[in-house]
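*Asks:* Features from Swiss-Prot:
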{"type": "ACT_SITE", "residues": "GLU147", "note": "active site, proton donor/acceptor"}
{"type": "BINDING", "residues": "CYS101", "note": "substrate binding site"}
{"type": "BINDING", "residues": "HIS118, HIS120, HIS203", "note": "Zn(2+) binding site"}
{"type": "COMPBIAS", "residues": "1-12", "note": "compositional bias 'Basic and acidic residues'"}
{"type": "REGION", "residues": "1-22", "note": "region 'Disordered'"}
Amino acid sequence: MSQEITQKDNNDHLVQSSDPDHPANMIPDLCRKFYNWGWVTGTGGGTSIRRGDHIFIAPSGVQKELMQPHNIFVLEFPTPKYPPSDRKYIRKPLDLKPSACTPLFLAAFERGAGCCIHTHSQWAVLVTLLVEREKGPGGYFEISNIEQIKGIPRGKGKGMMGFHDTLRIPIIENTAFEEDLTGSLEKAMEENPDTYAVLVKRHGIYVWGDDVAKAKTQCESLDYLFQLAVEMHKLGLPWVK
């Protein structure tokens, strides 16, 4: 059943805090950083944080560099992914729409993530195009013998990757509507249980981590590796030794 929320009972206190580490403050701060890095231009992309049984999600259609705490949606967790009308919003900005990324974020949280980031990084898009050209559909982005690989986990409780390891990131096909990516994202998660990221062809990437710091630093490390891979390709250098 759809849950009607009025201004009177909108639980605004859930997004009001002087603590800079509160999710309602962290999400706008992260979105501004990501905008300045070119990851979330034109209102694209999104960020979500889970704290206990609450999920804080950036809205749809708000310029990322202008986002404020009062723009943030709050969901109970766990909550159904589908249909959208069954999602348990306990705080909704009345003039905004929930992020179309919501069911994909929920898929990450169901795996135990504490934060999920979606970017439209140009480097992420470019590597999906290069993999498509070189390997065809179903290919993975793979790279080895690069120091920054050490910033990526091997898997839950398995420590971090090493210099000589080969990083493999699955790539899924894009869809006309963001929410329709959910099934293929979940399939990629199931087939690659140690991955913390999934690339979306001609679109961007989803990255998640145990907490905000881990999700952010993993996203930074991956973007560095994607940019490096594009430059290596220009020079005719292989990604995997």
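Cβ atoms here come from the backbone N, Cα and C positions, even for glycine.
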*Asks:* Near HIS118 (Zn(2+) binding site), which residues of its chain come within a Cβ-Cβ distance under 8 Å, counting only those 6 or more away in sequence?
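*Replies:* For HIS118 (Zn(2+) binding site), the qualifying residues are GLY45, GLY46, THR47, CYS101, LEU104, PHE105, GLY204, ILE205, TYR206, VAL207.
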*Asks:* Hey, for the Zn(2+) site built from HIS118, HIS120, HIS203, who else sits with CB inside 8 A of the CB center?
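*Replies:* Here the nearby residues are GLY44, GLY45, THR119, SER121, ALA124, VAL200, GLY204, ILE205, TYR206.
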*Asks:* Under DSSP, is CYS101 (substrate binding site) part of a helix or a strand, or is it coil?
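*Replies:* The three-state answer is coil.
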*Asks:* Among all protein chains shown, how many Cβ atoms are found within 10 Å of the Cβ of HIS120 (Zn(2+) binding site), not counting that one?
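*Replies:* There are 19 such Cβ atoms around HIS120 (Zn(2+) binding site).
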*Asks:* Here are the recorded positions: CYS101, GLU147, HIS203. Which has the lowest count of other Cβ atoms within 10 Å?
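*Replies:* Candidates: the recorded positions CYS101, GLU147, HIS203. Fewest Cβ atoms within 10 Å: GLU147.
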*Asks:* At the Cα level, what's the spacing in Å between HIS203 (Zn(2+) binding site) and GLU147 (active site, proton donor/acceptor), rounded?
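*Replies:* Between the Cα atoms of HIS203 (Zn(2+) binding site) and GLU147 (active site, proton donor/acceptor), the distance comes to 26 Å.
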*Asks:* Given HIS120 (Zn(2+) binding site) and the residue listed as 'active site, proton donor/acceptor', what distance in Å do their CA atoms have, once rounded to a whole number?
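*Replies:* So the Cα of the residue listed as 'active site, proton donor/acceptor' lies 24 Å away from that of HIS120 (Zn(2+) binding site).
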*Asks:* Please report the DSSP secondary structure of HIS203 (Zn(2+) binding site), reduced to three states.
*Replies:* coil
*Asks:* If H, G and I count as helix, E and B as strand, and all else as coil, what does DSSP give for GLU147 (active site, proton donor/acceptor)?
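*Replies:* In three-state terms, GLU147 (active site, proton donor/acceptor) counts as helix.
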